[in-house]
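Engineer: This is the structure, below, for whatever I ask next.
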Amino acid sequence: MATLVRSVARSLRRKNLSSMYCPASTLQSHATSFGFKDVAEEEKSKMVGNVFTSVASNYDLMNDLMSCGLHRLWKDRLVSKLNPFPGMKHLDVAGGTGDVAFRILENIKNVKRRAMQDVLDDELIEESRIYVCDINPNMLGVGKKRAEERGFGLEKSLDWVEGDAEALSFEDNSMDGYTIAFGIRNVTHIEKVLAEAYRVLKRGGRFLCLELSHVDIPVYKDLYDVYSFSVIPAVGELVTGDRESYQYLVESVRRFPPQEQFAKMIAEAGFQKVEYENLVGGVVAIHSGVKF
């Protein structure tokens with residue numbers, strides 16, 4: 001069985017990775033990747049925007065189906081590592097549907113409730129601010145609708161901001177925390193996103209990134225490749241009628257830097273205490289760093 005899986009996985013990798021490379025003469029002078037395709041930098045943001053406009057209405061359902069619900073636990077772990085506190089100013093980038101922001105808000109409210117049983121302190125009742133920033137208005141629209149459904153429609157602590165992760169509108173040294181979940185692999189310039197994260201964070205502020213990553217366990221990697229390239233696009237087509245968007249999402253993971261390389265990029269952006277935690281054998285990883 002293992003031999004069969006490896007054979008199928010190798011066949012899929014050859015089929016999909018063959019389009020990953022093309023002769024240098026055919027590349028744009030300023031090219032970047034869109035899945036396994038090389039495209040002009042100015043085109044990528046439009047193409048990614050089209051993908052997320054297409055998947056927005058089914059984004060959370062597909063996350064449940066593709067991860068068998070595990071994405072909920074991964075996001076819980078992300079927020080647990082963030083350790084939110086009352087009064088914090090937090091920026092969640094590429095967070096349009098609100099999944100991470102809602103968890104942070106609920107965590108802060110739970111901390112407040114526990115603390116107020118003992119003492120009511122000005123610092124504890126200081127209003128927290130959670131900014132949900134996304135470049136795609138359709139994703140933000142889904143998030144606002146979900147906020148209303150969850151009773152957060154009038155929540156003053158939540159702000160929805162349409163913005164670009166590579167050129168944030170927030171002031172320098174203004175945030176206590178920064179999270180980005182399943183978003184950074186879709187940007188055109190990862191270095192610019194990291195630089196902006198560093199810029200907006202206060203001294204002592206924490207950067208956390210949850211992202212699909214690279215599996216190195218041999219047989220598990222083969223199974224993961226079969227599932228990724230065969231099952232996920234098929235489920236996407238069945239549920240949403242859009243196979244190509246989910247094919248891109250699978251391919252974009254393979255083009256994203258491996259865990260150690262991404263950790264190095266975070267450190268080069270100026271962050272210290274950079275570390276990462278692999279979940280499910282490296283299917284996803286949580287990278288973190290601190291601005292000093």
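Using the three backbone atoms N, Cα and C, a Cβ is placed for every residue, glycine included.
A TrEMBL annotation is a machine prediction, not a hand-curated record.
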Engineer: Same S-adenosyl-L-methionine site as Thr97, Asp164, Ala165 according to TrEMBL: which of Asp64, Asp76, Asp134, Asp176?
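Structural biologist: The record-listed residue among the candidates is Asp134.
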Engineer: What three-state class does DSSP give Thr97 (S-adenosyl-L-methionine binding site)?
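Structural biologist: The residue in question, Thr97 (S-adenosyl-L-methionine binding site), is coil (DSSP, three-state).
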Engineer: Please name the residue among the binding-site residues Asp134, Asp164 whose C-beta has the most neighbouring C-beta atoms within 10 angstroms.
Structural biologist: Asp134
Engineer: Give the helix, strand or coil assignment DSSP yields for Ala165 (S-adenosyl-L-methionine binding site).
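Structural biologist: Coil, per DSSP.
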Engineer: How many neighbouring Cβ atoms, not counting its own, are there within 10 Å of the Cβ of Thr97 (S-adenosyl-L-methionine binding site)?
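Structural biologist: There are 23 such Cβ atoms around Thr97 (S-adenosyl-L-methionine binding site).
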